[in-house]
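Taken from TrEMBL, the feature active site, proton acceptor covers Lys42, Tyr268. Per TrEMBL, the feature substrate binding site maps to Arg139, Met315. The domain 'Alanine racemase C-terminal' annotation in TrEMBL covers 247-372. Under the heading N6-(pyridoxal phosphate)lysine, TrEMBL lists Lys42.
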Amino acid sequence: MKRQQEFYRDTWAEIDLDALYYNMKEIRNFLPSETRIFATVKANGYGHGDIQTAKTVLKAGAHGLTVAFLDEALALREEGVNAPILILGATRPQDVPIAADHQISLTVYDGEWLKEAEKHLSPGKKVALHIKCDTGMGRIGVRDEEELKQIEDYINNSNCFSFEGIFTHFATADELDTEYYERQLSRFKKLLQVLKTTPTYVHAANSAAALYHSDATFNATRIGIAMYGLTPSAEIEPYLPFKRREVFSLHSKIIHVKKMHPGEKVGYGADYTTENEEWIATIPIGYADGWIRKLRGFHVLAGGERVPIVGKICMDQSMIKLPYYMPIGTQVTLIGEQNGQFISVDEVANKLDTINYEVTCTITNRVPRVFKSKSMRDF
Ligand SMILES: Cc1ncc(COP(=O)(O)O)c(C=O)c1O
């Protein structure tokens, strides 16, 4: 495992590898034993750190990994990850030989792409392909039976390609209303019927489909949000089979503290005015870290209490109002647990009118990720 990098600032994201391991074990135990789990570690493991996340979930029972782009797959290979990797998004035809060299499987959804990619593969080079079917997501994918037949034939008649998998992706698996989900599922089943050969992997389910619906696991799944301990949606959360543990937390420390008099101003625009004598502290995190300006008026944990963010969030710093004096170096928790108090990723997402996925992905690479494992497993 890559050594944790040194860092020189008092803001960090803590990644609880024990929680990640636990979540994946629970998912593994819940799904049928023959269902292979591809853990989705794109976007730097949804902001959790792709390499450490990948190594941990593979130890906990994941069979392979999915990412969005070739660069992400290569980064995993460079760190010695040998498990199957599937790129879910588009790969440029000229880059296909690189995927072949590193045993990275690719997604195909267009016959012309196959012809182009073939031109770039020298004799003896072979790449494994998963056909993506668009059954209602409207993003990428083969949409009709004829096209699917042609792509399957092309793959099977070529020396450059092997037909490794077929998949689709649900748009509404995280909703209680199952009508559209069922339409997509039956469309996928119809598409599967036209295949002349059966690939190794047939997969449709994301976290929501795998944990909330029992009819879409086929022989493989692609699990993302649930292994990070987060919910696919508040709607289906009460019906999920087990509780997960949040993996991501975000922390900083007070770097400056002062007593301000009534009527003094804080922050850009000077638009926060102290009403009384107030203890105002500064923490070194701002919108360039993904702690964005819309979080103004939200709160953080200091001294085990919820304390408000005051004034506009700056690029690198934010100001908070303390209930009493706290010294420089006091830990501030922006996401996670402190002395029994908890700010969840979902609470931040709600404040931002977004989804939990976006919160952890948005915390930028400037914030170092610190990997913690109390059980000291060699992840
Ligand atoms: C094609 C595809 N499969 C699987 C996933 C994982 O979904 P989830 O994180 O909801 O489990 C994603 C996530 O964006 C995806 O785009």
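Just so you know, glycine gets a Cβ as well, placed from its N, Cα and C.
Helix first, then strand, then coil: DSSP counts for the domain 'Alanine racemase C-terminal' (247-372) stand at 23 helix, 51 strand, 52 coil. In the three-state DSSP assignment, the secondary structure recorded for Arg139 (substrate binding site) is coil. For Arg139 (substrate binding site), the number of other Cβ atoms no farther than 10 Å from its own Cβ, over all displayed protein chains, is 11. Within the same chain, the residues at least 6 positions away from Lys42 (active site, proton acceptor) whose Cβ sits under 8 Å from its Cβ are Asp50, Thr66, Val67, Ala68, Phe69, Glu72, Leu88, Gly224, listed in sequence order. Across the fold, the C-alpha of Met315 (substrate binding site) and the C-alpha of Tyr268 (active site, proton acceptor) stand 11 Å from each other. Over all protein chains present, the Cβ of Met315 (substrate binding site) has 10 other Cβ atoms lying within 10 Å. Cα separation, Tyr268 (active site, proton acceptor) to Arg139 (substrate binding site), rounded: 41 Å.
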